[in-house]
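K.L.:
In case it's useful when we look at the structure, here is the feature table from Swiss-Prot:
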{"type": "ACT_SITE", "residues": "ASP68", "note": "active site, proton acceptor"}
{"type": "ACT_SITE", "residues": "GLU137", "note": "active site, for ring-opening step"}
{"type": "ACT_SITE", "residues": "HIS139", "note": "active site, proton acceptor"}
{"type": "ACT_SITE", "residues": "GLU144", "note": "active site, for ring-opening step"}
Amino acid sequence: MRQAIFSNPNDAAEYLANYIIAKINSTPRTFVLGLPTGSSPEGIYAKLIEANKQGRVSFKNVVTFNMDEYLGLAPSDLQSYHYFMYDKFFNHIDIPRENIHILNGLAANIDEECANYEKKIKQYGRIDLFLGGLGPEGHLAFNEAGSSRNSKTRKVELVESTIKANCRFFGNDESKVPKYALSVGISTILDNSDEIAIIVLGKNKQFALDKTVNGKPNDPKYPSSYLQDHANVLIVCDNAAAGLKSKL
């Protein structure tokens, strides 16, 4: 793993945004980009929007695949990841709408939806760069503790810690947080991506970062430890996330 530590979240976001811009601009073909939601990547998206408006990068030849979506939420729901991505990113850049791929939380046939998502990724050959974040207890996308290294896109049940962490987006009411989601699997990320970049911000991510970098490799208790099994991973964090334990 390669690591880069910054004193504050803004500098970390700027570094990773510029990193993504350089990758897109140096790729003469379609660039396939994996994307997360949540608070950690918001700063990156803001920087990418600014760069797009300034003409420093275009997304006309970029194809995106998002990591996950809540099961049962319509794309128009304010808490859906469809809504988040369009509100925070897609509505403000020049990406063709047909290039955007997000799992459908209202799919009539969940198994078919997940299988088709895997097929769509394969159709593009490889994901050039998969951007991700870490859950407080080391989950990657919605791959919770116990997830297999060979897991693919599927329906997952959210654990209590994830529900607690996400309830702030639902008026701090845990009962309103969906209990299930659709998520790419560990294999989907690791085996289809040429490079993985992880943004880790804040003191509450110290534990997850430590398990990711210094923990037992391929430990199902901490799915982010599977990242040690990939040859090209960049971790970008702030001082608060790095803490004293992380040997970065």
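Yeah, the Cβs are placed from backbone N, Cα and C, and that goes for glycine too.
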K.L.:
HIS139 (active site, proton acceptor) has how many other Cβ neighbours within 10 Å of its own Cβ?
P.N.:
24
K.L.:
Sequence gap of 6 or more, Cβ distance under 8 Å: name the residues on the same chain that satisfy this around ASP68 (active site, proton acceptor), in order along the sequence.
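P.N.:
In sequence order, the residues whose Cβ lies under 8 Å from that of ASP68 (active site, proton acceptor) (at least 6 apart) are THR37, TYR81, LEU103, ALA141, PHE142, ALA181, LEU182, SER183, VAL184.
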K.L.:
Could you state the whole-number distance in Å separating the C-alpha atoms of GLU144 (active site, for ring-opening step) and GLU137 (active site, for ring-opening step)?
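P.N.:
Answer for this pair: 9 Å between alpha carbons.
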K.L.:
Under 8 Å Cβ to Cβ from GLU137 (active site, for ring-opening step), same chain, six or more residues apart: give me those in sequence order, or none if nothing qualifies.
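P.N.:
Once residues fewer than 6 apart are set aside, GLU137 (active site, for ring-opening step) is near ALA145, VAL159, SER161, THR162, PHE207, ALA208, TYR222.
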